[in-house]
Structures are given as structure tokens and as C-alpha cells.
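Here is what TrEMBL records for this protein:
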type     : residues : note
COMPBIAS : 1-11     : compositional bias 'Basic and acidic residues'
DOMAIN   : 21-183   : domain 'Glutaminyl-tRNA synthetase class Ib non-specific RNA-binding'
DOMAIN   : 188-260  : domain 'Glutaminyl-tRNA synthetase class Ib non-specific RNA-binding'
DOMAIN   : 281-300  : domain 'Glutamyl/glutaminyl-tRNA synthetase class Ib catalytic'
DOMAIN   : 301-409  : domain 'Glutamyl/glutaminyl-tRNA synthetase class Ib catalytic'
DOMAIN   : 412-516  : domain 'Glutamyl/glutaminyl-tRNA synthetase class Ib anti-codon binding'
DOMAIN   : 526-599  : domain 'tRNA synthetases class I (E and Q) anti-codon binding'
REGION   : 1-20     : region 'Disordered'
Amino acid sequence: MATTSDGDKESTASASSPPQLESFLSIGLDQRTAENALANRKVTANLTAVIAEAGVTRSDKSVGNLLYTVATKYPTNALVHRPDLIKYILSEKSFNLTVPFPDKKLCTTGAALTFLSTLGPDSLDSVKFEAACGVGVVVSFEEIQSTVTDVLNENMESIVEQRYRINVGSLCGQVRKRHPWGDAKSIKEIEKRLVEILGPKTEADNAKPMKKKEKPVKVEEEKTAVAVATPEEEVNPYSIFPQPEENFKVHTEIFFSDGNIWRAHNTKSILEKHLKATGGKVMTRFPPEPNGYLHIGRAKLCTLEFDIRRPSYYWLLVALGQYQPYVWEYSRLNISNNVMSKRKLNQLVTDKWVDGWDDPRLLTLAGLRRRGVSAAAINSFIRGMGITRSDNSLIRVERLEYHIREELNKVSPRALVVLHPLKVVITNLDYGMVINLDAKMWPNAPDSDASAHYKVPFSRIVYIEQSDFRLKDSKDFYGLAPGKSVMLRHAFPIKCTEVIYGDNADSIVEIRAMYDASKATKPKGVLHWIAEPSPGVEPLKVEVRLFLSENPAELDNWLGDLNPQSKEVIKGAYAVPSLASAMLGDKFQFERLGYFAVDSDSTLEELVFDRTVTLKDSYGKAGPK
């Protein structure tokens, strides 16, 4: 294998190269690795700091690779021990490890990183450290050969049965477990020994193995299954947090202008005092400003802008002799078509762009609650989304709407409401006749359960949505048209027989139709509708508010990007009589329209509904009439 001399490295790093690149090449890194390190700001800073701590201007390639490993893989909670590890890497003691087994140094470095990550800020116990990392441990080739023989003898029955299909990796793993500091190349001698035991491969060894057909497992009786069923384990919401007693590790490091490095951590006495006060319980606090109540907790969640303030925050806590909570910085939640900034939300409210902090168009908790969004839906959205440190992350509002819709589908009874009524006269139904039909509040409700149904009156005058009627029919339209039949939800098929116009041909006053009492007709289209509860009595009238999310762009004039049509108030909507008893906080699915909640503006005389979210499918694809 060709190697690059120091002279070649110097010629590669031209005079125009960044000083960091020359420094990276000087410790033995190849050109590609050095350039990749330079492209990553964090790796560049860490590697520069490691080289400075090592105090080297030139080194062997093997040492340079180890320094690069420390810079990229060193645990941040053990920074106080990084200089100690670098000393081992540069010491002759460490170099001696590579003599019998060339790959030992890499293995030892990995063990060192694992060991150091569990240490606190106390001084390093070199004896324990070297024992955990295999420093000075020499495993001879003869020892490995002896262990290989033992492993083969222990697995001889499986080897004879499976021959060359035996899992060699598993056998090597058993050897490595007994000799973690052994040479990996020597351990692979196990493959040669297998050939000695089994001899040359036969045709059966080279043949493609046949898949075994699994026998179907007999299903035991239900009684037995119930008896052995175990309760579902409760999800622990605090599993992401470190254990309280582990908060003695280094939180961050601060570089002073004089070259000193200060590493913040809790002392044992402060940690013991804190654990005694809290009983080791999980306690979190927000907002991140230092205050007396904050330090009762042991964990603190912040957004990314507080990342650069962490050193000054910990410095203040140390100066005050206070406990240092564990800190996470994550990116703030940004949802498309909405503003999430408190400053911008305050401007929307104070300048009367919206109707207060509980305006259903806002993603404030008050606004979401008024709109009919449940806590379960918000929690489901947050759990499904997770966390990130990416500063440019943007969650689409459709993702939030999905979780809202999934939750409301479970808890919202169905009801019929017509937003833009179009009068339909059933000509073959007597004037005074009213047929009370049963409609299901839940899709899977049994027919025998009367409590899961509500009454829907069917009379001579019914109303359908204006968008569900066209003068000219088409294949992709499932609504009503002249001479066409549709099914009224929970009722009967009707067929349009006549259209009554107003003062001009563009205004339709009413539609006349005939209903099929026998339901012999099987039309494809199914429409929601409302009827007069009794002759001459207008259906229940409600106010319905449709909201669209605001659409602010990341512009200086972000207010100019607001949607002026984000709120639509429909005062002439008709609803089934059962909705008259709806109370504040009640939620419903208006069939084919979406999920709605009773608004706080409702009165005894007038019900007001807010649309929480639309249905999954856009049903009404009504074109021009």
C-alpha cells in the first residue's frame, strides 16, 4: 500500500489552504478526511482543540487517526478527562499496545471512551482506567488458539449438523467475549479450523438451502389466552432523562482568553444535597431564566437560542453555589401556515388582527381549546413528531390536523347540518306527513341500541347543499341533477323532476323531486340534508364558523401575508333538532363537512359552531353549475 510522505502532505496543503487544513494534514490525516473535517464546523472546532491539548505540530498517521477519533466521538459529558486520554495516546505505553496486535489501539480507544463517559469530575484512577481499557494486556496467539479449540468443542454438535452454514460470527463472538483485547485477525483463525474439521465443501454445502415450512400454531382456547395475557406496560414519559444520581458529569466547557478551560459540573456535595431535597424525582422547569423555583428541578428544556448562553448560565450557578440542572436545547416548534412567535402572536392580538388570544385561528392553547382540539390530540401530535436540533425544521399543519382528526373520530357523534341550504320539495309526500327516521351517531353502532341513534324528521320540504346540485350532470359528479337520483343519508332516494327559477335563469329558488319509499333505486351519490321538523316550521338554525390557518411568510412585512378569508361566518345553516341540546365543549362530526365544536359565543337563542378540522377526504368536487 502506498503511503504519503510528509513532503507530499506539505505540497498538498498549498499556501492558500486554510491554516486548519494544514494543521489536520500535519498530524497524519489523509487529504479527504482533513477536508471533510474542515467542512463540518463542529468537527473543525473539536479537532483544533484536541490538537492544541495534545501540543503536537506533527505526528504519525496512527496517532493522528486516534486524535481524530477523540475529536469526533468523545462524549461531551466527560470533557474534563479528555486531556488524560490524549496523554495516553501520545505515551509510549499506548504505543506498546500496537506491537502484538495492530488493531488494539482502536479497540482500546473505544473502551476508553466508554469508561470515561461514566466518570464524574473527580481525578482519574489510572489503575481502573487501564484495566477497563486493556492497557498492558497482551493476549498471545497461543491463548487465542486454545480458546478457539474450546469454543469449537463446545459447539461441535451444531458444527457437524449445520456444517458450513454454521454462524461463524457467533463463534468468533464467543472467543472475543473471553479475550476482548485479543487480535481480531488471530480470532479469525477459527475459519481455518472449521475447514480442518469439516473438510472440503460438498454439493450439499453449496446447494441453496430449502426454506422450512413453519407449522401453523394451534390457537388455544380463548379461556387459556385470557389467563396468560399480561397487562400492557405503561410508557414511562421520563425515560429520556438521565438518572438523577448521574448529574455529576461535565455540562459544558468554557474557553477563557488566557487559554484556561473551565468545565462546569456539580460537586458531590451539591448533588447529594439536591437528591435529598427532591428524593431523586424527575422535576423539570420552564422557562429557562435562572430563578429559585427553577433549581428545585434537575432538568431544563430550552430552545436553541439559549445554547450560546449555557456557559454564562452555568458560571452564574457556580458563583451562587447553586445546583446545575441538566439542560437540553432543541429547535422551537414551527408549524406551516401559522405564527408561533410570542412577539408576533401578541401583535396579532393587540392590533386586533384576530379576536383575542383564544381566536380559533391561532395555535395558542386557548385557541386550540376553543376550536375543539383535545389535549389527547396535542399529546399524540407531540409524541409522533419527536424532537430535533435542526434550526430550519418546519412541521406541516396537515400533520397536526391528522392527529386532531384521529382523536375526534373516536369521540365525536355524527350529525346532519346543511351550511348553504337549497330547498327541495318532495312532491309525492303529503303536506302534513312527517316520517321520523333513525340516524346513527356512531358508524358501528348496533341497530338495536337506541341510545346510539338520534331522530331525523323527513317531511315534504327538505334542504340540501347548494353545491350538491348542478343543472348539467357529469360522470365525476355524485350530486343531484335534472332527471338524476341520489340517496338522502339515513332516508330515501329522491329524483329531480323540476327546477324552479327566480327572476333570472341563474337563480334557482327550489327543486322539485319525488322520493322512492321502497328504496328500489340504488344511486351512487349520498347527500346530507335537513328537513322541516313539521309543516311550515323552519329547521334549527345555527351559526357556523369556518377557519383557515393564517399564512404568514418569513418576510419583514409578515402581516401583509395574512389570509383575509381565514374566517367565514355562515349564519343561515340548518341542523337536525337533536343539536338544540348541544352544550359548550361538545364536539360533533357534521357528516361530509368535518368536525365541529360548540363555541363560547353560543347563547340559549343561537348555537355557534367552530369547525375544528375538515374530513380526511374532500367529498364535494362540485364544478360550475
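The first residue you see is number 1, and the count goes up from there.
Glycine residues also receive a Cβ, built from the backbone N, Cα and C atoms like all the rest.
Note that the structure is a prediction, hence the values are computed from the model and not measured.
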Here the stretch out of 21-183, 301-409, 412-516 with the most C-beta pairs under 8 Å to the domain 'tRNA synthetases class I (E and Q) anti-codon binding' (526-599) is 412-516
For the domain 'Glutamyl/glutaminyl-tRNA synthetase class Ib anti-codon binding' (412-516), the averaged pLDDT of the predicted model is 93
Its residues classified by DSSP, the domain 'tRNA synthetases class I (E and Q) anti-codon binding' (526-599) shows 9 helix, 31 strand, 34 coil
